[in-house]
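Before any comments, here is the structure.
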Amino acid sequence: MERLKEIDIIRTFVIILLVLYHALAPYCGGWDMPSYAQPNEGFYWGGKLAYSGMLETFVLISGYVFAFSLQKKVISFRLLLAGKLKRLFVPCMCWGIIMTLIFFGPSKLLNLEHFWKIIGGYGHLWFLPMLFWCFLMEYGIQHCLKGRNLMLVLMIIAILPWPGIPFRFNQSLYYLLFFHLGGIFFRNRERLRTVNWSTICILSAVYMGLFIAVTLVLGMDGMRPELASDLKVKVLILFVHHTLKMVSYGLVTIIYVAVFIKLEDRCNGKLYTVCRSIAMNSMGIYVMQEIVLRLIYYRMGGVFLYTKELTPLVAFVGTFIVCYVSSVIIAGCKYTKFLC
């Protein structure tokens with residue numbers, strides 16, 4: 001399929017943010033802090049900033065490309081289902097099994113509860129089945145549901161908490177808004193090119209204020225849903241989480257897309273060649289990066305005892321290079337390319 005230059009550029013930026021966030025995850029509450037590491041305010045806020053809107057942008061560009069593909073040719077539901085099962089669920093299962101073998105051993109695969117987690121996306125792989133549902137639901141929206149109030153309905157669905165629905169369908173109900181927004185952006189991409197830099201700067205200033213406020217509010221112990229003992233309180237906290245995230249992260253996705261669409265013409269030659277290569281291997285980088293980082297932090301921690309302040313930066317650069325090279329190799333082999 002024809003590649004979209006603006007998407008290659010945005011995807012490169014977002015996959016860098018993804019690896020950077022996971023490299024900083026132990027310092028911003030995402031993972032357990034390694035015994036040799038020390039809390040660091042810079043790494044904390046850096047991790048939070050990298051995460052802010054990053055996943056939403058990933059979903060948005062998937063919706064953008066999906067709208068482009070629907071414009072190019074008619075896709076049947078059956079073909080879409082088969083293609084996304086192969087592209088998303090198969091790698092999800094395979095890498096979930098690989099992660100289990102690396103960190104727990106083969107006996108863990110016999111645990112039905114754990115195997116259920118693998119099917120639903122183990123660890124960071126939850127994103128793949130979630131995205132699978134977004135494709136199917138957006139297909140239904142494009143063929144069955146159209147109207148002026150559609151965005152409002154999707155916003156309400158995104159805000160409401162949906163706990164307990166298996167196979168990551170509950171998360172997809174939040175991210176569907178951004179997937180659909182990607183299609184709207186594709187159809188209005190020429191208008192996005194006309195957004196001036198002063199408007200982008202104003203939006204960025206508003207976003208930074210929202211980002212700081214949301215980070216401080218959601219970081220409070222009383223706003224952590226996993227600590228709520230009462231179901232009603234947990235649902236209320238999730239409602240607040242989703243509302244704040246939707247507003248803040250929604251704004252930053254708009255900024256990201258507007259900026260990189262405007263910068264598209266300036267990214268040429270070798271720079272675009274690099275971006276295109278990274279974008280083509282972003283799936284492989286995504287599925288492998290958490291495995292590599294967890295090995296670095298929790299199995300190879302002694303390597304960084306003399307570079308405590310540089311640990312996440314060293315881990316970020318090393319992981320990105322290892323995952324990129326590995327993805328190129330795996331995708332280049334006809335027997336393993338289905339993994340990436």
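Yeah, the Cβs are placed from backbone N, Cα and C, and that goes for glycine too.
What TrEMBL records for 5-330 is domain 'Acyltransferase 3'. The annotation transmembrane segment is assigned in TrEMBL to 12-29, 49-67, 88-106, 118-137, 149-166, 172-188, 200-219, 239-261, 273-293, 313-333.
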Touch test for the transmembrane segment (200-219) and the transmembrane segment (239-261), at least 3 Cβ pairs under 8 Å | yes
Cβ contacts under 8 Å made by the transmembrane segment (313-333) with residues that lie 6+ beyond its boundaries | 16, 19-20, 22-24, 277-278, 280-281, 283-285, 288-289, 292-293, 296-297, 304, 307, 339-340
Sequence-distant residues near the transmembrane segment (273-293) by C-beta distance (under 8 Å, 6 or more away from its ends) are 3, 7-9, 11-12, 15-16, 18-19, 22-23, 25, 91, 95, 98-99, 102, 123-125, 127, 267, 315, 318-320, 322-324, 326-328, 330-331, 339-340
Quick one: do the transmembrane segment (149-166) and the transmembrane segment (239-261) have at least 3 Cβ pairs under 8 Å, skipping pairs fewer than 6 apart in sequence?
-> yes
Within the same chain, the residues 6 or more beyond the ends of the transmembrane segment (239-261) and with Cβ under 8 Å of it are 6, 9-10, 13-14, 52-53, 56-57, 60-61, 64, 155, 158-161, 174, 177-178, 181, 185, 189, 192-193, 195, 200, 203-204, 206-207, 210-211, 214, 217-218, 223, 225
So what's the average pLDDT for the domain 'Acyltransferase 3' (5-330)?
-> 90
